[in-house]
Amino acid sequence: MSAIDDLPPLRDVIARHGLSARKSLGQNFILDLNLTAKIARRAGDLTNSDVLEIGPGPGGLTRGLLAEGARRVLAVEKDSRCLPALEEIAREYPGKLEVLNADALEIDPLAHLTPPIRIVANLPYNVGTELLTRWLDPGPWPPVWSSLTLMFQKEVAQRITAAPGSKAYGRLAVLAQWRTEAQIVMELPPEAFTPPPKVHSAVVHLTALSEPRYPAEAKVLFRVTAQAFNQRRKMLRASLKGLTPNIEDRIVAAGIKPTQRAEELSLEEFCALAREVARG
Ligand code: SAM
């Protein structure tokens, strides 16, 4: 198969720049450029979009995004050892790639980009979940980004896309599916990474809906789901105690039995409950 660009193979790049993988930074690199191009394609048509990539590392996915014709890529990488390798890519794609040496949890780089914006990342799993929750956070909707294409531990990917009643169903599913279309678009075995992680991985693609599926105040829905799933095995009348003075009446007014458990409620029911709670 032909190479996706004229740059050297990633194994050579890593050896030349001494990029031994650091566990503390969750560094499990993808060296197969056909695979990174495939992940980039899962993000949709990039030719008309600015792309925010978090955690480019030696730049395998970055090269995929640029080879797929991204209008512009802003890459945020915490590990300064990766900068020379990323500079080489920037030279190959003049004016297309900007690299920020920063911790993605400390900055908000979205303001530097022009919509439509697609966010793509192969990140350490804990950072990925934290950023996903922030990107789904209360605030104006639709958000400034139009899609998220993120690598997760497979078990987390299943939690994001889970249906009510399933073991994986929880707060992450409700918050993600309320305002996005979320789908697992690729599964990867540990051997796809160097070094291989202990678990299987999956790429989740989330497209922002133009409006929420059901009306609710984001802040209230975030609070209700946090409290309900914090004690997921308890009946709602117990787990939601203290949320409002008359919570049992609010639950009934939302058309839900106070004896039901959080994992049994659909997205629509959670939104109805959030509307009732918002009434006080
Ligand atoms: N995208 C590359 C690939 O697919 O091969 C690297 C993936 S590796 C799983 C995760 C990358 O995220 C590493 O390069 C790591 O240094 C970087 N990283 C970890 N924590 C970060 C943070 N808080 N902000 C920005 N980058 C981070």
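The backbone N, Cα and C atoms fix where each Cβ goes, and this holds for glycine too.
Unlike curated records, TrEMBL annotations are generated automatically.
From the candidate list Asp6, Asp12, Asp103, the residue TrEMBL records in the S-adenosyl-L-methionine site shared with Asn28, Ile30, Gly55, Glu77, Asn122 is Asp103.
If you compare every pair of Cα atoms in Asn28, Ile30, Gly55, Glu77, Asp103, Asn122, the residues listed for S-adenosyl-L-methionine, the longest distance is 21 angstrom.
Around Asp103 (S-adenosyl-L-methionine binding site), a 10 Å sphere centred on its CB holds 11 further CB atoms from the protein chains shown. Every protein chain considered, the tally of other Cβ atoms within 10 Å of the Cβ of Asn122 (S-adenosyl-L-methionine binding site) stands at 26. In the three-state DSSP scheme, Asn122 (S-adenosyl-L-methionine binding site) is classed as strand. In this model, the domain 'Ribosomal RNA adenine methylase transferase N-terminal' (35-210) carries an average pLDDT of 96.
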